[in-house]
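Below: one structure, written as structure tokens.
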């Protein structure tokens, strides 16, 4: 059941008078005229008015009782309003399948149409039923579009001109001023009006076939504007937002410029929350005082977070490189390990110390002194720092106070690697063993023995321990039972790097290959070939692996298929061994012995720009380690020949929130 707007009674009287003067026979939905019978259906109904009235009364008598019952049912659930006779806010319905007689009337202003329910005969009355429609039933009120070409289908006698004129502010169709109407035009149009719907369609089809392209173009210019609809404004808000959710953020911002309503939709907070989640942004940016875009419009926290991240990405890609903060403190020693979390930086050196720095001020907050040998491995979580040294111990530090909380004894050689998970840390040593420690108590919980050479790399996910060693093997351990569940054999040289995501193990070796293993079965799924030397560093996230090699190249792999997606090389590639790397959803950052830090596009593999280029690069200047957050990059640089001073460089890519 659908709704239609009702015009005024004066307009109804005028249109009825015009219809009485016409002698044409209308279509099957022709309106009943006062005091006359209804004409017969179809184009052949050319009988007298009296004959038509008799046929109408006869047909009505057979269904009289049924129609009276239907009338009473319709009184219960009809959709109309009787608020005035001036044509404003007055709506009627028609029901498909019911034999209502429609009086089609046109308003003086623009020809808006209404359907008036006819007065029904009753058994007890000889005349027409004068009962008025029940007032106060105002169930639906469509837009101007829905009252014309929307959900309410027009009556068969509604013409395209009626629909065009029903739109407020609609310009009338262009006339051809230089051509006088042919004298036969009105007769031709009357003949067309007498035909049935299918006959009219057939005539139009034949007419189109006989038109020239310029004439078809003219028809399109007249017709097409009537079917242009702002469908977004016509939809319920929930559906409109669902449609807009398929737009890219750039297109969504453009859509916001269409009109006021589109801008309201485009500022929807939940809409931008989904865009943020697609980009890996997990928290909205809540300002103390939310900014007004203009009267009535306000930034959503999620949109502001998205826009901020976009600006940060552009700063990484093409923003001005401001002078970095320079953090000096390890003299001319090598920085062997680097950690960066929040605004805290921790650097470990072969000078036997670790230093805690503020990434904001660049000041050295604490110097962690206690090891009697060089520091070669470290991990950090919040204010807890764990370090491993050539003095064969691990130490647990409080970064806020500089206090050594625990010294962990047990290894008989250099602690070369470690991995922290929760309150437990697994350490690997040149003594060929691994140890699992509780950093809260300082207790050694388990010792894992099985390798026959130095353990070079380790990963721990809280359940399984994975280790790579100089004995060419990778081992999977159950730390609780201290048993080796798998020994992964296949490499033909030392294993230097590992990644483990809970399902896949990725190992890099001096034999130039990278192998992907299934942790449950121990099977080798893929052997990734392409590098020419030692794979010194890797990072794995969401089945995407980025590997850096001593051959100066960086490769991006899909570990599910074993395919190499990109090789980061070309004229701007590194000129020496890749020392460290890190990647995000958009960028790859790499460092090298050539003294540069380079930024690459993850998806295309294209070189973006140099973030750091030491003047001593190529003559001894080296970038040993890098660590990056969303807005900052920390680089540990120096040299082994004295050409570059040992220091940390902190680059900031954040944006101003004002």
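Our numbering is plain: 1 for the first residue shown, then up by one each step along the chain.
Using N, Cα and C of the backbone, Cβ positions are placed for all residues, glycine too.
For 7-17, the entry in TrEMBL reads compositional bias 'Basic and acidic residues'.
If you look up TrEMBL, you'll see 66-85 marked as compositional bias 'Acidic residues'.
Taken as a whole, the domain 'F-box' (229-275) shows an average pLDDT of 89 in this prediction. The domain 'F-box' annotation in TrEMBL covers 229-275.
The region 'Disordered' annotation in TrEMBL covers 1-85 (among others).
Residues or ranges marked as region 'Disordered' by TrEMBL: 151-178 (among others).
Among residues of the same chain six or more beyond the repeat 'WD' (342-367), those with a C-beta under 8 A of the stretch's C-beta atoms are 325-327, 329-331, 333-336, 373-378, 380, 383, 385, 387, 389, 397, 399-402, 627, 632, 634, 636, 646, 648, 650. Among the features that TrEMBL reports, repeat 'WD' is placed at 342-367 (among others).
Positions annotated as repeat 'WD' by TrEMBL: 368-407 (among others).
Sequence annotations record features per position, and here TrEMBL assigns repeat 'WD' to 408-447 (among others). With a threshold of 8 Å between CB atoms, the same-chain residues lying at least 6 positions outside the repeat 'WD' (408-447) that come near it are 373, 376-381, 384, 386, 388-390, 392-396, 453-462, 465, 467, 469, 471, 477, 479-480, 482.
The annotation repeat 'WD' is assigned in TrEMBL to 448-487 (among others). Long-range Cβ contacts of the repeat 'WD' (448-487) within its own chain (Cβ-Cβ under 8 Å, at least 6 residues beyond either end) map to 413, 416-422, 424-436, 493-500, 502, 505, 507, 509, 515, 517, 519, 522.
Taken residue by residue, the repeat 'WD' (488-527) breaks down under DSSP into 0 helix, 22 strand, 18 coil. Summarising the annotation, TrEMBL assigns repeat 'WD' to 488-527 (among others).
The feature repeat 'WD' is assigned by TrEMBL to 528-567 (among others). Among residues of the same chain six or more beyond the repeat 'WD' (528-567), those with a C-beta under 8 A of the stretch's C-beta atoms are 496-501, 504, 506, 508-510, 512-516, 573-583, 588, 590, 592, 594, 600, 602, 604-605.
Taken from TrEMBL, the feature repeat 'WD' applies to 571-610 (among others). Using a Cβ-Cβ cut-off under 8 Å and counting only residues 6 or more beyond its ends in the same chain, the repeat 'WD' (571-610) has close neighbours at 279-280, 313, 316-318, 533, 536-539, 541, 544, 546, 548-554, 556, 565, 616-618, 621-628, 630, 633, 635, 637, 644.
Helix, strand and coil counts under DSSP for the repeat 'WD' (368-407) come to 0 helix, 23 strand, 17 coil.
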